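These come from Swiss-Prot:
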type     : residues : note
SIGNAL   : 1-22     : signal peptide
DOMAIN   : 29-106   : domain 'Ig-like C2-type'
DISULFID : 50-90    : disulfide bond
CARBOHYD : 125      : N-linked glycosylation site
CARBOHYD : 135      : N-linked glycosylation site
CARBOHYD : 223      : N-linked glycosylation site
DOMAIN   : 238-329  : domain 'Fibronectin type-III'
């Protein structure tokens, strides 16, 4: 949130907020007005200033009304509800001089609204953003869910502490083809790829990465934040190249696998541990899992069963990979 008066030079559009400083610039010509949301709330007074050195012949209109709202270089409006938000335009002699788009950020009982994204409910605290990294390269993926289909826009920014010179760059949020069902309702999934510019995979992390998602739906603005260390969001790809070797005169087989290609190297330093599980024919019959650091194991595998292997960082209890499997047949 802005902590000083927002004053642009005479050739640009200027918005001045009330002393509560409840207005700030999201992007060029787009401003967020922060409102306490309760019955009979007074709202916020906003002053719009046109981008012309002239003082006469200026009129104001809004997208909500074609009527002239006022005249002169400035227009003062009281913003109390969504009907007061949207586009405001100043004109002179039929010429458009500048635009301003006002969005509202609601606060009810001291809590900012979180209506746009779906709470993924994976902890005691609300979880709107989830992030994963396949290795320690500094590259990670974040995603979120929403039931909204239209008039929706996201922007993402990230950093690793204000005092850390290493920047984090995020691409544009994209709509995934995957649809996620939660409580019998289908949600759309958005993802974003981020990369820490000067990541050092072997270095100890002292500052968390912070990610902020700005979400806009129609005239509503919300933001969502998450903070984490890369080590906490590590989830390797599944082991690759699973192979079975029958053992002579035995019902046992030797199953072997390799580290996933995307895992950090050298493997002698970035080591994985593995979990092995044998499934029966109906896939519901499962024997106890075996845990080991080697890339092979001897197990009993019956016809029509399968062997599953997954991986996790050996030295830090982050997430297990998805399973890789091979048929016993």
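A Cβ is built for glycine as well, from the same backbone N, Cα and C atoms used for every other residue.
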Requested in this report: Find the one among the glycosylation sites 125, 135, 223 whose C-alpha lies closest to that of residue 90 (disulfide bond).
Outcome: 223
Report task. Helix, strand, coil: count each for the residues of the domain 'Ig-like C2-type' (29-106), based on DSSP. Result -> 3 helix, 50 strand, 25 coil
Query raised in the report: Including all protein chains displayed, how many Cβ atoms other than that of residue 50 (disulfide bond) lie within 10 Å of its Cβ?
Result: 26
Query raised in the report: Whole-number Å distance between the CA of residue 223 (N-linked glycosylation site) and the CA of residue 50 (disulfide bond)?
Result: 29
Query raised in the report: How long is the line from the C-alpha of residue 125 (N-linked glycosylation site) to the C-alpha of residue 135 (N-linked glycosylation site), rounded to the nearest angstrom?
Result: 26
Query - Overall pLDDT for the domain 'Fibronectin type-III' (238-329), taken as the rounded mean - result: 91
Query raised in the report: So for residue 135 (N-linked glycosylation site), how many other CB atoms are inside 10 Å of its CB?
Result: 20
Query raised in the report: Can you tell me how far the Cα of residue 135 (N-linked glycosylation site) sits from the Cα of residue 50 (disulfide bond), in Å?
Result: 51
Report summary line: Taking all protein chains shown into account, the Cβ-based neighbour count within 10 Å for residue 125 (N-linked glycosylation site) is 7
